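First up is the structure itself, then whatever we jot down about it.
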């Protein structure tokens, strides 16, 4: 590589989000039990567990002891009353809890172990063992559980609790095994498993240390639901009299209450406690389920932390984005001049987009003003977190509900000269406006085709929705015309999306976008997922169609060299703002903003002589923690003290030749830059603008 | 390509022009079985990699350039022994190695480490960075105390310029940025103290402004540790800047190779020319003719006979669909598998001796 200067400084400072990592991570799992639901669930289950363990030791009454207190209502002597034999129901309940809990948990442990062994083996090994094990699992899945249990226990009536436990476990494991197999199958193909193999880990460790921990949530959920299932099954069996009716369990109490007509005597104390206990433990276990995900997934844990921090911060100060109030307040001198300059089809004025998450707000787009002239391509480039995609979504008003647009205008000028603000359109107007006037092609769009409909039908649907008066034949003709336009032969009209390559599918999306002759097409990384050759084919196609049909394009991408080739005008976004806007040629020949220069200096070139790559130090901005002053200042090679306090405005580049502007072209009308290097009144000494 | 006696030691034989390759793939073919459909008697395979020769040298970066589906990632996984070749050999320091698993694989990966493309997916979300690094250290440097492992971890993180180490080790992968994670991937690979790094698109998922930093880091490690680096990429321009030798892969075959500057500036194979003409390049003359190509790569289940590029090739001749072209030597280590260069000597015919 031609330069070794840059590499070290990417030594990124860890971001604040990680301030006290040890605390966040080591005790992070405790956060799982923050929620009230989980705490309630835990308490319920714990109480039952304690009763099951210690209850029988503390209760002196023998539950089987017969007395003369027949069918007494609850009293101080008999806390839960007595049965037809004068047996103490409280004592029966205490002893019964132990049996029900033991059966429930032991059966669930056995079932979970079985499903783990089968699921992990089948999923990880694959091949023949997978086929055999899956077959067995599926057989067990279709066996109706309860009838089987009834038959099995019926054939060995005095086998005791152990037999019941085993029978329940055998009938309950299959569902969990199937879920775990599917999960293992998908985890096995994940990169981190491949990375572990490539670092020489043993299969055993890969299964138990890499794969299994990622399945903990499923295992735990399966376990808890099997506990509930087992307790219910045991109760049902006992209720039916299929277990030993003298071994007290909740089901046995119910069995006696039923056979002795407790209901007709009004002896509610006899059947309500066991019924309520079953319902309670079920509720408790289900509530615990809620906490499992957070308990296990480190990402969810710290997400919780972040929300809490944001909340604190919001309480302390109103300026949540971390930006100080702007020292200079003056509307960006953009819009009006631009509008006057020519045939502007879309004008964005001082647009802001906030993302609300919990109580915090992140400003993803901050005061963007741009204009798109008819028949031209406006390119917007930026890194992740620059706000370029948010901008695209806001222009089309497809932003998520969590995004809010506090200020701004997006003025659309129709071919007849009528101007409307997209942000003030009603939903109805908006529906007409989209596709008719403004169409969208997103990066993921090619995966947005409905897999079960032929592509011709999907294009036709788009037309039919907006042109109900069109006859079916006209629509067909239009579909054929559109497909030819985007370079797909018309005999593919009846193809399904999966029969087309990624490039072809993206062409179909472009055809749909063109279907109603829109004035503007917004394209957000339309070719990023495609190979270079296919990308070139599609870009050439778009440009050719643009020249022929005369629409305008807003093209959003991170690929600056592509943008320079195809755009007329380029806007560079950084941390939600436009830092430079210029014609593509001016921009390429003489980028003004240090960030722009860094971007240009990051691209290896193919033709011409090799040049030195300078790159940019540091990492892309974190919108939740922007520095004060210029957002780029921590990465800027020309940074001054002032940059860290004063926020630069996007202003036209001064015409007077400055030491920092290397080429005269940079001062051509239209170039606007948000950098203090060009805005200080005193001659910029700092402007040793470091281009090497 | 000089073949090496398997008993030869690392000292370069005097007759060879270059040093011995550290890692080499000789005539390697990899077919993946396609799941048979019901009533389909034919056994069908994906010809993912066909007869590939590739050599990696210490202190050098070798690029493999190709589009998705070209087989370039399979080449990396074959070299990492994650796949076993259908035929052909992987040679480490001249010795054929087959290490499908167990202790042999462990010993092999101590020499050859793979860096994956996706900095998000290649870490287990439930483990900390310390766990990821610590495992590799414990596997490949057994018998170390915890303090030694910790020190080694700090050294590794310093080597990839992540300091202070304590601020990274306790973190979970999702708490770090893409660039930081890719540096940790590199640190993890270095933990085994390998002689060869196989980097599969190491920067393609990173932001433009931080790619250069990661590439420069790799370049420095190649120089400092005298590593052999395989750089797999779809970005031919980055190969020009970053690699010493560049090879171009199409539909499972290597079609052209040579010094990176020669391959990118005087591309000999029509496919390489197409790749270069398709790549975005603001410096290119706007009036330059655009490629007219409208096709896409062939199915690898049923690849075209002869040269696999011939259905798309603007220069295709009758011979191209009949016979697969051999390597033709174009001088200075530059070669191409294309009948257009038939007047040049097939490389195989060249004596393997030192040139002045």
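Note that the numbers count up from 1, one per residue, in the order the chain is shown.
Placed from the backbone N, Cα and C atoms, the Cβ positions cover glycine too.
Feature annotation from TrEMBL assigns compositional bias 'Basic residues' to A:308-323.
Under the heading compositional bias 'Low complexity', TrEMBL lists A:324-334.
What TrEMBL lists as domain 'ABC transmembrane type-1' is A:97-289.
As annotated by TrEMBL, domain 'ABC transporter' applies to A:346-600.
The region 'Disordered' annotation in TrEMBL covers A:307-334.
Cβ atoms under 8 Å from those of the transmembrane segment (A:38-59) belong to residues 32, 90-91, 94-95, 97-98, 100-102, 277, 280-281, 283-291 of the same chain, restricted to positions at least 6 beyond its ends. Feature annotation from TrEMBL assigns transmembrane segment to A:38-59 (among others).
As annotated by TrEMBL, transmembrane segment applies to A:102-125 (among others).
Annotation source TrEMBL lists transmembrane segment at A:132-156 (among others).
Long-range contacts of the transmembrane segment (A:162-180) within the same chain: residues 102-103, 106-108, 110-112, 114-116, 118-120, 122-123, 133-134, 137-138, 140-141, 143, 145, 148-149, 152-153, 156, 215, 218-219, 222, 226, 229-230, 233-234, 237, 243, each at least 6 residues beyond the stretch ends and with a Cβ under 8 Å from a Cβ of the stretch. As annotated by TrEMBL, transmembrane segment applies to A:162-180 (among others).
Sequence annotations record features per position, and here TrEMBL assigns transmembrane segment to A:217-240 (among others).
Summarising the annotation, TrEMBL assigns transmembrane segment to A:268-292 (among others). A Cβ distance under 8 Å defines the sequence-distant neighbours of the transmembrane segment (A:268-292), meaning residues of its chain 6+ beyond its ends; these are 32-33, 35, 37-38, 40-45, 48, 73-74, 80-81, 83, 89, 93, 96-97, 100-101, 104, 216-217, 220-221, 224-225, 227-228, 231-232, 235, 250-251, 253-254, 256-258, 262.
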Report, as numbers and ranges, every residue of the chain located at least six residues beyond the transmembrane segment (A:217-240) whose Cβ falls under 8 Å of a Cβ in that stretch; write 'none' if there are none.
99-101, 103-105, 107-109, 111-112, 115-116, 145-146, 149-150, 153, 164-165, 168-169, 172, 175-176, 179-180, 183, 249-252, 254-255, 258, 274, 278, 281-282, 285-286, 288-289, 292-293, 295-297
Can you tell me which parts of the same chain pack against the transmembrane segment (A:102-125), counting only residues 6+ beyond its ends and a CB-CB cutoff under 8 A?
52, 133-134, 136-137, 161, 164-166, 168-170, 172-185, 187-188, 203, 206-207, 211-212, 219, 222-224, 226-231, 233-234, 249, 281
Mean pLDDT over the domain 'ABC transporter' (A:346-600): what is the value?
87
